[in-house]
Amino acid sequence: MASLQTQMISFYLIFLSILLTTIFFFKVNSTETTSFSITKFSPDQKNLIFQGDGYTTKGKLTLTKAVKSTVGRALYSTPIHIWDRDTGNVANFVTSFTFVIDAPSSYNVADGFTFFIAPVDTKPQTGGGYLGVFNSKEYDKTSQTVAVEFDTFYNAAWDPSNKERHIGIDVNSIKSVNTKSWNLQNGERANVVIAFNAATNVLTVTLTYPNSLEEENVTSYTLNEVVPLKDVVPEWVRIGFSATTGAEFAAHEVHSWSFHSELGGTSSSKQAADA
(Lines of atoms letter the chains of each structure in order from A; the text may use other names.)
(Lines give C-alpha, C1' and ligand atoms only; values in the text may rest on other atoms or scores of the structure.)
Protein backbone atom coordinates (compact mmCIF):
# COMPACT_ATOMS: atom_id res chain seq x y z
CA MET A 1 0.00 0.00 0.00
CA ALA A 2 2.80 2.38 0.97
CA SER A 3 4.56 1.51 -2.27
CA LEU A 4 1.41 2.34 -4.26
CA GLN A 5 1.06 5.67 -2.48
CA THR A 6 4.71 6.43 -3.19
CA GLN A 7 4.19 5.61 -6.86
CA MET A 8 1.09 7.83 -7.00
CA ILE A 9 2.94 10.72 -5.36
CA SER A 10 5.82 10.28 -7.79
CA PHE A 11 3.38 10.21 -10.70
CA TYR A 12 1.67 13.42 -9.60
CA LEU A 13 5.01 15.13 -9.03
CA ILE A 14 6.14 14.16 -12.52
CA PHE A 15 2.79 15.27 -13.97
CA LEU A 16 2.99 18.58 -12.11
CA SER A 17 6.55 19.11 -13.32
CA ILE A 18 5.54 18.45 -16.94
CA LEU A 19 2.49 20.72 -16.59
CA LEU A 20 4.51 23.60 -15.16
CA THR A 21 7.20 23.15 -17.81
CA THR A 22 4.54 23.19 -20.55
CA ILE A 23 2.91 26.31 -19.12
CA PHE A 24 6.29 28.01 -18.89
CA PHE A 25 7.16 26.99 -22.45
CA PHE A 26 3.97 28.44 -23.87
CA LYS A 27 4.30 31.52 -21.69
CA VAL A 28 7.78 32.20 -23.01
CA ASN A 29 7.16 31.23 -26.62
CA SER A 30 3.68 32.60 -27.24
CA THR A 31 2.97 36.05 -28.60
CA GLU A 32 0.19 38.41 -27.58
CA THR A 33 -1.05 40.52 -30.46
CA THR A 34 -3.42 43.46 -30.74
CA SER A 35 -4.59 44.53 -34.19
CA PHE A 36 -7.26 46.78 -35.63
CA SER A 37 -7.89 48.67 -38.82
CA ILE A 38 -10.35 51.53 -39.28
CA THR A 39 -10.61 52.54 -42.92
CA LYS A 40 -13.71 54.67 -42.41
CA PHE A 41 -15.03 56.06 -39.14
CA SER A 42 -18.70 55.38 -38.44
CA PRO A 43 -21.05 57.80 -36.61
CA ASP A 44 -21.23 55.25 -33.79
CA GLN A 45 -17.60 54.13 -33.55
CA LYS A 46 -17.87 51.73 -30.62
CA ASN A 47 -14.15 50.99 -30.26
CA LEU A 48 -13.27 54.62 -29.57
CA ILE A 49 -13.53 56.71 -26.41
CA PHE A 50 -14.14 60.39 -27.15
CA GLN A 51 -12.90 63.15 -24.87
CA GLY A 52 -13.43 66.89 -25.14
CA ASP A 53 -14.57 67.93 -28.61
CA GLY A 54 -13.67 64.71 -30.44
CA TYR A 55 -16.38 63.03 -32.54
CA THR A 56 -16.90 61.12 -35.79
CA THR A 57 -18.77 62.39 -38.82
CA LYS A 58 -18.88 61.69 -42.57
CA GLY A 59 -16.39 58.82 -42.33
CA LYS A 60 -13.70 60.73 -40.45
CA LEU A 61 -12.64 61.43 -36.89
CA THR A 62 -12.82 65.14 -36.09
CA LEU A 63 -10.73 66.19 -33.10
CA THR A 64 -11.28 69.94 -33.41
CA LYS A 65 -13.20 72.22 -35.69
CA ALA A 66 -11.60 75.42 -36.95
CA VAL A 67 -12.66 77.41 -33.90
CA LYS A 68 -10.77 78.97 -30.99
CA SER A 69 -9.72 77.28 -27.74
CA THR A 70 -10.75 73.65 -28.18
CA VAL A 71 -9.36 70.29 -27.06
CA GLY A 72 -10.43 67.05 -28.74
CA ARG A 73 -9.18 63.53 -28.10
CA ALA A 74 -10.05 59.98 -29.14
CA LEU A 75 -8.69 56.78 -27.56
CA TYR A 76 -8.81 53.16 -28.64
CA SER A 77 -11.23 51.61 -26.17
CA THR A 78 -9.22 48.47 -25.34
CA PRO A 79 -6.06 48.88 -23.25
CA ILE A 80 -2.83 47.75 -24.94
CA HIS A 81 -0.36 45.42 -23.18
CA ILE A 82 2.79 47.31 -24.13
CA TRP A 83 5.26 45.42 -21.89
CA ASP A 84 5.10 42.40 -19.61
CA ARG A 85 6.07 42.64 -15.95
CA ASP A 86 6.77 38.90 -15.59
CA THR A 87 9.13 38.52 -18.55
CA GLY A 88 10.35 42.09 -18.97
CA ASN A 89 9.50 41.85 -22.67
CA VAL A 90 8.39 44.95 -24.56
CA ALA A 91 6.03 44.96 -27.54
CA ASN A 92 6.99 45.81 -31.07
CA PHE A 93 4.30 47.92 -32.68
CA VAL A 94 3.44 49.82 -35.82
CA THR A 95 0.59 52.24 -36.33
CA SER A 96 -0.39 54.08 -39.48
CA PHE A 97 -2.94 56.81 -40.01
CA THR A 98 -3.92 59.58 -42.38
CA PHE A 99 -4.75 63.04 -41.11
CA VAL A 100 -5.60 66.50 -42.38
CA ILE A 101 -5.00 69.87 -40.75
CA ASP A 102 -7.18 72.48 -42.45
CA ALA A 103 -7.05 76.14 -41.43
CA PRO A 104 -8.75 79.19 -42.98
CA SER A 105 -5.27 80.68 -43.43
CA SER A 106 -2.08 78.67 -43.88
CA TYR A 107 -0.18 81.44 -42.07
CA ASN A 108 -2.25 81.35 -38.87
CA VAL A 109 -2.58 77.75 -37.71
CA ALA A 110 -2.72 76.33 -34.18
CA ASP A 111 -1.98 74.39 -32.22
CA GLY A 112 -1.32 70.90 -33.48
CA PHE A 113 -2.06 67.20 -33.39
CA THR A 114 -0.55 64.18 -31.59
CA PHE A 115 -0.56 60.41 -31.46
CA PHE A 116 0.11 59.39 -27.87
CA ILE A 117 0.62 56.47 -25.49
CA ALA A 118 -0.58 57.10 -21.94
CA PRO A 119 -1.94 55.43 -18.78
CA VAL A 120 -5.28 53.65 -19.08
CA ASP A 121 -7.06 56.32 -17.02
CA THR A 122 -5.69 59.21 -19.12
CA LYS A 123 -7.76 62.40 -19.25
CA PRO A 124 -7.43 65.57 -21.36
CA GLN A 125 -4.56 67.73 -20.16
CA THR A 126 -3.81 71.41 -20.75
CA GLY A 127 -4.94 72.81 -24.10
CA GLY A 128 -3.25 75.28 -26.44
CA GLY A 129 0.43 74.56 -26.95
CA TYR A 130 0.34 71.61 -24.55
CA LEU A 131 -1.78 69.79 -27.16
CA GLY A 132 -4.14 68.26 -24.59
CA VAL A 133 -1.50 65.69 -23.58
CA PHE A 134 0.88 67.43 -21.15
CA ASN A 135 0.72 70.06 -18.41
CA SER A 136 4.34 71.19 -18.27
CA LYS A 137 7.50 71.77 -20.28
CA GLU A 138 9.46 70.18 -17.43
CA TYR A 139 10.11 66.44 -17.39
CA ASP A 140 7.46 64.77 -15.21
CA LYS A 141 7.84 61.02 -14.79
CA THR A 142 4.33 60.78 -13.29
CA SER A 143 2.94 61.74 -16.70
CA GLN A 144 3.96 58.30 -18.06
CA THR A 145 3.25 59.51 -21.58
CA VAL A 146 4.99 59.30 -24.94
CA ALA A 147 3.66 61.37 -27.84
CA VAL A 148 4.46 62.14 -31.44
CA GLU A 149 3.45 65.73 -32.13
CA PHE A 150 2.72 67.57 -35.34
CA ASP A 151 3.17 71.08 -34.00
CA THR A 152 1.87 74.02 -36.02
CA PHE A 153 2.38 76.92 -33.60
CA TYR A 154 5.62 78.27 -32.09
CA ASN A 155 5.80 78.39 -28.29
CA ALA A 156 9.01 80.13 -27.23
CA ALA A 157 9.15 78.41 -23.83
CA TRP A 158 9.81 74.96 -25.30
CA ASP A 159 9.74 74.79 -29.10
CA PRO A 160 12.89 74.77 -31.31
CA SER A 161 14.52 78.18 -31.66
CA ASN A 162 14.15 78.14 -35.45
CA LYS A 163 10.41 78.79 -34.86
CA GLU A 164 9.45 76.33 -37.58
CA ARG A 165 6.53 73.96 -37.56
CA HIS A 166 7.84 70.56 -36.67
CA ILE A 167 7.33 66.89 -35.92
CA GLY A 168 8.48 66.04 -32.41
CA ILE A 169 8.89 63.04 -30.12
CA ASP A 170 7.80 63.88 -26.57
CA VAL A 171 8.63 61.87 -23.44
CA ASN A 172 6.87 62.99 -20.24
CA SER A 173 7.04 66.63 -21.36
CA ILE A 174 5.78 68.91 -24.09
CA LYS A 175 9.44 69.82 -24.74
CA SER A 176 10.40 67.36 -27.47
CA VAL A 177 13.47 65.15 -27.10
CA ASN A 178 13.94 65.29 -30.87
CA THR A 179 12.35 67.31 -33.66
CA LYS A 180 12.23 67.59 -37.44
CA SER A 181 11.16 70.76 -39.24
CA TRP A 182 7.96 70.17 -41.15
CA ASN A 183 6.27 72.09 -43.92
CA LEU A 184 2.54 71.81 -43.19
CA GLN A 185 0.53 71.50 -46.38
CA ASN A 186 -2.73 73.08 -45.34
CA GLY A 187 -5.76 70.95 -46.21
CA GLU A 188 -3.67 68.13 -47.70
CA ARG A 189 -3.89 64.53 -46.49
CA ALA A 190 -0.74 63.29 -44.74
CA ASN A 191 0.18 59.62 -44.35
CA VAL A 192 1.99 58.72 -41.13
CA VAL A 193 3.70 55.50 -40.00
CA ILE A 194 5.02 55.20 -36.45
CA ALA A 195 7.00 52.06 -35.57
CA PHE A 196 8.69 50.90 -32.37
CA ASN A 197 11.48 48.30 -32.37
CA ALA A 198 11.63 46.68 -28.93
CA ALA A 199 15.09 45.22 -29.55
CA THR A 200 16.65 48.66 -30.05
CA ASN A 201 14.06 50.89 -28.31
CA VAL A 202 14.01 53.02 -31.45
CA LEU A 203 10.81 54.90 -32.27
CA THR A 204 10.59 55.89 -35.93
CA VAL A 205 8.15 58.39 -37.42
CA THR A 206 7.57 58.86 -41.14
CA LEU A 207 5.22 61.41 -42.71
CA THR A 208 4.50 61.80 -46.42
CA TYR A 209 2.15 63.91 -48.52
CA PRO A 210 1.25 61.51 -51.35
CA ASN A 211 -0.85 63.99 -53.32
CA SER A 212 1.29 67.07 -52.89
CA LEU A 213 1.23 69.70 -55.62
CA GLU A 214 4.14 71.57 -54.03
CA GLU A 215 6.95 70.02 -56.06
CA GLU A 216 9.54 72.49 -54.81
CA ASN A 217 8.96 71.56 -51.15
CA VAL A 218 9.93 68.51 -49.12
CA THR A 219 7.00 66.10 -48.96
CA SER A 220 8.52 63.27 -46.89
CA TYR A 221 9.94 63.40 -43.36
CA THR A 222 11.55 60.83 -41.06
CA LEU A 223 12.42 61.15 -37.37
CA ASN A 224 14.04 58.59 -35.02
CA GLU A 225 14.67 58.53 -31.29
CA VAL A 226 15.59 55.99 -28.63
CA VAL A 227 12.65 55.76 -26.22
CA PRO A 228 12.87 53.20 -23.36
CA LEU A 229 9.13 52.53 -23.26
CA LYS A 230 9.30 50.14 -20.31
CA ASP A 231 10.88 52.88 -18.19
CA VAL A 232 8.33 55.51 -19.22
CA VAL A 233 4.82 54.11 -19.65
CA PRO A 234 2.79 51.63 -17.56
CA GLU A 235 2.50 47.95 -18.46
CA TRP A 236 -1.00 48.57 -19.82
CA VAL A 237 -1.70 51.74 -21.79
CA ARG A 238 -4.18 53.47 -24.00
CA ILE A 239 -3.31 54.85 -27.42
CA GLY A 240 -5.02 57.71 -29.16
CA PHE A 241 -5.02 61.14 -30.74
CA SER A 242 -5.28 64.64 -29.36
CA ALA A 243 -5.52 68.06 -31.00
CA THR A 244 -5.96 71.60 -29.75
CA THR A 245 -6.59 75.15 -30.89
CA GLY A 246 -5.96 78.48 -29.18
CA ALA A 247 -6.28 82.07 -30.30
CA GLU A 248 -5.45 80.70 -33.75
CA PHE A 249 -7.01 77.50 -34.98
CA ALA A 250 -7.53 74.74 -37.54
CA ALA A 251 -9.68 71.70 -38.08
CA HIS A 252 -7.81 68.49 -37.13
CA GLU A 253 -9.14 65.30 -38.74
CA VAL A 254 -8.09 61.64 -38.88
CA HIS A 255 -9.31 59.75 -41.96
CA SER A 256 -8.02 56.22 -41.25
CA TRP A 257 -6.12 54.38 -38.53
CA SER A 258 -4.54 50.96 -38.10
CA PHE A 259 -2.46 49.45 -35.31
CA HIS A 260 -0.60 46.18 -34.74
CA SER A 261 1.48 45.13 -31.73
CA GLU A 262 3.27 41.91 -30.80
CA LEU A 263 4.39 41.14 -27.26
CA GLY A 264 6.40 37.95 -26.81
CA GLY A 265 6.05 35.74 -23.76
CA THR A 266 2.31 36.18 -23.19
CA SER A 267 -0.69 34.15 -24.16
CA SER A 268 -3.60 36.13 -25.57
CA SER A 269 -4.65 37.80 -28.79
CA LYS A 270 -7.02 40.63 -29.61
CA GLN A 271 -7.91 41.42 -33.19
CA ALA A 272 -10.52 43.58 -34.88
CA ALA A 273 -10.48 44.10 -38.62
CA ASP A 274 -12.13 47.23 -40.01
CA ALA A 275 -13.61 47.80 -36.58
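Glycine residues also receive a Cβ, built from the backbone N, Cα and C atoms like all the rest.
Residues or ranges marked as D-glucose binding site by Swiss-Prot on the basis of similarity to another entry: Asp111, Gly129, Gly246, Ala247. For Glu149, Asp151, Asp159, His166, the entry in Swiss-Prot reads Mn(2+) binding site. Per Swiss-Prot, the feature Ca(2+) binding site maps to Asp151, Phe153, Asn155, Asp159; the stated evidence is similarity to another entry. If you look up Swiss-Prot, you'll see 1-30 marked as signal peptide, on the strength of similarity to another entry.
Considering only the binding-site residues Glu149, Asp151, Asn155, Asp159, His166, no residue lies within 10 A of Ala247 (D-glucose binding site) on a C-alpha to C-alpha basis. If you take the Cα of Asp159 (Mn(2+) binding site) and the Cα of Gly129 (D-glucose binding site), they are about 10 angstrom apart, rounded to a whole number. The full span of the recorded D-glucose binding residues, Asp111, Gly129, Gly246, Ala247, taken as their largest Cα to Cα distance, is 11 Å. Take the binding-site residues Gly129, Gly246: by the count of other Cβ atoms within 10 Å of each Cβ, the lowest one is Gly246. Local packing around the Cβ, expressed as the count of other Cβ atoms within 10 angstroms, is greatest for Asp111 among the binding-site residues Asp111, Glu149, Phe153, His166, Ala247.
Same-chain residues at least 6 positions away in sequence with a Cβ under 8 Å from that of Asp151 (Mn(2+) binding site) are, in sequence order, Asp111, Gly112, Leu131, Asp159, Arg165, His166, Ile167, Gly168.
Over all protein chains present, the Cβ of Asp159 (Mn(2+) binding site) has 22 other Cβ atoms lying within 10 Å. DSSP assigns Asp151 (Mn(2+) binding site) to a strand segment in the three-state reduction. Phe153 (Ca(2+) binding site) and Gly246 (D-glucose binding site) have their C-alpha atoms 10 Å apart, to the nearest angstrom.
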